[in-house]
Amino acid sequence: DTQDNSTAPILLGIGGALLFTSLFLLAARLWSRVRPVSRLHWDDWTIIVSTILAIANYVLLAVAVLNGLGRRAIFVSFRKRRIALELIFITQIVWYWAVTFVKLSVACFLLRIKYHSRPWRICLYALMIFLILAACVQTIFTFTQCRPFSIFWDPQVLFEGPVQCFSRAAIDANIVFFSSVQVGVDLLFSFIPISFIWKLNRPRRERVFLSVMMALGLFASAAAIMRTLQLQGFYTNSDLFRVSVTIALWATVEVQFALIGATIPTLKAFMENALVRLGLFFYDANSETQVRGLLVKLGLLDLEQEQ
């Protein structure tokens, strides 16, 4: 198949839909934090930074698509290929820090929930330092794996002097290391909080809700695994324009699911207020008793509240 088509629409479509969802949830989160008084915490500020980076990443990918990303390289001019590949290189750095900041946000959220536990604080602080160091190492590796690193978007440097790159084994090890860190942290943030959520003096339905929401990070873990599998063939693929779309798609899905999973557990109060307002809008005194009885049967309303 040598037709001049593009695989980019799926990247922009799915990435755009997930970005819109995460922005909507973040807006709801911030709205609940600033009303009636501002109560922004470190977990809110770090997820704002992560969201800004995720937006920048999507915009850079969109501009790369305008310059041919997703099409077959033979149909794209050299100038546009160079621009697109340079943008892809930049998106890697932006993505590293976007996914790091969203994990820092979850860590800050968990730290705030159980701050009184000294061992818990030490573990979380150590984990946050490790995440920052891992992102720094990954950023440095990206700039040093080939010298000059402009080889990633400008093949003409091959004729200007020698190009030195790390071995394929070192590059693969770096990919596996960073992906393992992301998957491992997602698993920790998904399962460990459940152990103390169930010990909280809260209604069962609230504990179930928090446990399920914290487990949303597993979707980001699955996307990280898929991204890693795709990256294994990146340096041996003859058409980087095609394979880069798939890698960028899974990277976008990973960071967006991480953002969504980090935001939803903080929206309990917002959703309760929204349901109350919706209920008042459609309130009907004649059906109130029936609705309350149904909510009790479904476990969404305590019998004491119903009485």
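A Cβ is built for glycine as well, from the same backbone N, Cα and C atoms used for every other residue.
Lifted from TrEMBL, the feature list:
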- 6-26: transmembrane segment (TRANSMEM)
- 28-271: domain 'Rhodopsin' (DOMAIN)
- 47-67: transmembrane segment (TRANSMEM)
- 87-110: transmembrane segment (TRANSMEM)
- 122-143: transmembrane segment (TRANSMEM)
- 175-196: transmembrane segment (TRANSMEM)
- 208-227: transmembrane segment (TRANSMEM)
- 247-267: transmembrane segment (TRANSMEM)
Review point. Of the listed stretches (6-26, 87-110, 122-143), which one yields the highest count of Cβ-Cβ distances below 8 Å with the transmembrane segment (247-267)?
Key: 6-26
Study note, to complete from the structure: Per the Cβ filter (under 8 Å) with a sequence gap of at least 6 from its ends, the transmembrane segment (6-26) is approached by 47-48, 51, 54-55, 58, 61-62, 65, 69-71, 242, 245-246, 248-249, 252-253, 256-257, 259-260, 263-264, 267
